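Asks: Found this in Swiss-Prot, in case it helps:
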- 30, 31, 32, 63, 105, 288, 309, 310: FMN binding site (BINDING)
- 175, 176, 177, 178, 265: substrate binding site (BINDING)
- 181: active site, proton donor (ACT_SITE)
C-alpha cells in the first residue's frame, strides 16, 4: 500500500502494483460486451481494448470462460483452447503496444452456464434463462456439483491461467463475484445449500476458491493473480463481512497480488475497511464510483486503485479526462450487450485537445 503524495488529482498519481509500475490509479475492469462469436475473441476486441489502454494503466479483460462447460452464452470469450489463445494474442499485443498492463479475468458461470457438453454437472431437465443479449437459452437444470468433480473445475482454472500467460497476458483475475457464478455459489451460505466438506463453516465454503487460487499460483505464480469478490452485492451471505475478511486473510497468506472488491453502490466508501485491514496486497475498489469519491478513496488511503466500468466504457481516454477535468461522454446502455463491433463499442469519441 502506498499513500498518495499529490492532492491535486489523486487518481492520476503513480502506484507500484507488484512488479508493474502504474502511472495512475484508474482501472478498466472486466465488462461483459457479448462480442466474441463462438466464444473466440474477434479482431474488433483489439481496437476496443487498445483504445482504453494507457502507458502504465491496468486493464482487466472481460470474463473469459475457463472451459467449454463454464461459459454463460455463445458470444462471450473463452481461454480453454489453442484457437482462443491465438485469438487473444493480437488483443494483448494491442494493449502492450500502448504500454498497458493487461490481466485476463477467468470465470466459471455456475448455474448460468450454457455448456456444449453438459453431462458432468447438470440433470437432463431443461431450464430457461434470459441473458444480457436478450436472447433466451435452453439450459440443463442445475444440480449441486458433486465433490468428486471439483478437481476438474480446479484444473480448468489452472489450465486457463496457463493459457492466459501463453497468450501474453501479464496476469489473471479470478472471478469470485456474485451473480450466480460458481465460486460465489460455494462461498455464499444463502446459495450453497448442500452439506459436504465444502459447506457448513466459512472455511469450508471458501475451500473451492482457495483451492483454485493455490492451483493457479502453483502454475503461474501468486504475484500474477488477482481475485474479484462482491460479498455485499446481490444475494448476500448471512455474515458478509466475516466471509470477506476471512478470504482477505487467506489470500494474503497465499501472496495474491491484488483483491478487487465490489461495493454496493448505495454505500460506497463504507464497507471495505475490515477487508482493507485484513488484506496485505493491493486493494481495488469498485462500485459506482465517480471522479470525486474515487479521489477521496485514494487520498484517504481507503483503496489503492479504483475501477470505473461504464464510465471508462464510454470514455476510452478516461484517465486524460480526469487529469484535465474534462466533461465525460454518456454511456448508451442499449448497446452494452449487442453484437455490433462498432456502435457502442469502438465509436465513443475521444477528448479533442486543441493544438
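Glycine is treated like the rest: Cβ placed from N, Cα and C.
Neighbours and distances for these, please.
Replies: Classification of residue 310 (FMN binding site) by DSSP places it within a helix. Residues within less than 8 Å, Cβ to Cβ, of residue 310 (FMN binding site) and separated from it by at least 6 positions along the same chain comprise 31, 331.
All protein chains shown were included, and the count of other CB atoms within 10 Å of the CB of residue 177 (substrate binding site) stands at 23.
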Asks: Once the DSSP letters are reduced so that anything not helix or strand counts as coil, what is residue 63 (FMN binding site)?
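Replies: DSSP call for residue 63 (FMN binding site): coil, neither helix nor strand.
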Asks: Please report the number of other Cβ atoms within 10 Å of the Cβ of residue 178 (substrate binding site).
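Replies: That number is 21.
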Asks: Nearest by CA distance to residue 175 (substrate binding site): which of the binding-site residues is it, out of 30, 105, 288?
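Replies: With Cα distances computed to residue 175 (substrate binding site), the winner among 30, 105, 288 is 105.
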Asks: Measuring Cα to Cα, how many Å separate residue 181 (active site, proton donor) from residue 63 (FMN binding site)?
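Replies: Just about 11 Å between their Cα atoms.
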Asks: Here the recorded positions are 31, 63, 176, 181; which one has the lowest number of other Cβ atoms no more than 10 Å from its Cβ?
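Replies: Ranked by other Cβ atoms within 10 Å, the recorded positions 31, 63, 176, 181 bottom out at 31.
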Asks: Distance between residue 288 (FMN binding site) and residue 177 (substrate binding site) at the Cα atoms, whole Å?
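Replies: Checking the Cα atoms of residue 288 (FMN binding site) and residue 177 (substrate binding site) gives a distance of 16 Å.
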